[in-house]
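*Asks:* Straight out of TrEMBL:
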DOMAIN    66-273  domain 'MARVEL'
TRANSMEM  152-174  transmembrane segment
TRANSMEM  186-207  transmembrane segment
TRANSMEM  249-269  transmembrane segment
């Protein structure tokens, strides 16, 4: 009878009363359950991790449907724009011809050939101790150095080109894994924003560098560079300008890349959990306002307040 009484007392006691009366037993039981739960969670995490790794290795599924979506289609535009940007700048070579009209002596012609990366201060305009207009002229180079801005622009273009190829591989072969994970969309969004900012910086820097190249190879720049042009009886004119059309195109494509990457940031953001959480938060807020304002839950079309 005593055992039955003790069992009834234990059954009627609250968890707080049990803990006060049997603290050590309750704590040991709780700790054992907690350790067991942690081991189970760790094992589940390891299983999930290796399952995802196995899917990445063997989960290739070729699917061209992402190319019909803005996320994939814009990535192709980025890929093409990056090619035009760095190719039109990195493959440039031009030649400027300068005519010297001399009052005394025969007229002379100079030429300077320059190319990417536009270290103009290393481009020879006049050889050492050359005789021009009956005067001996020291070795003269063009002025200016736009290598840093040009190389930065080309580097960003090449990196963007490589990233677009990697992203297209993921979109077309591993889109199911991309959308099942949080890391892929978030990384894609962050990298897209970074590239948009880098395109702004490198395009602005290269536009300024290109203007420096134009100034240095123009008539005014040649007159400032060549001391002979400042002497009386000598007139210097650039009679054949180096074509700058492809360099102008590179700047245009640089800013076009900025627009495309900035637009793509929105579509990449829509794939992240941040956008999903934001939408859920707005829905919850709208539902709360509706319920508090009308004191009912709207379940169309069966009920209405």
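Cβ coordinates come from backbone N, Cα and C, glycine included.
Describe the structural surroundings of these features, if you would.
*Replies:* For the transmembrane segment (152-174), same-chain residues at least 6 beyond its ends with a Cβ under 8 Å from one of its own Cβ atoms are 56, 59-64, 66-67, 71-72, 75-76, 78-79, 82-83, 85-86, 89-90, 116-117, 184, 188, 191, 195, 198-199, 202-203, 205-206, 250, 254, 257, 261.
Sequence-distant contacts of the transmembrane segment (186-207) (same chain, six or more residues past either end, CB-CB distance under 8 Å): 89, 148-150, 152-153, 155-156, 159-160, 163, 167, 178, 250-251, 254-255, 257-258, 261-262, 264-265, 268-269, 271-274.
Residues 70-71, 74-75, 77-78, 81-82, 84-86, 88-89, 153, 157, 160, 185, 188-189, 192-193, 195-196, 199-200, 202-203, 206-207, 210, 275 of the same chain lie 6+ residues outside the transmembrane segment (249-269) yet bring a C-beta within less than 8 angstroms of a C-beta in it.
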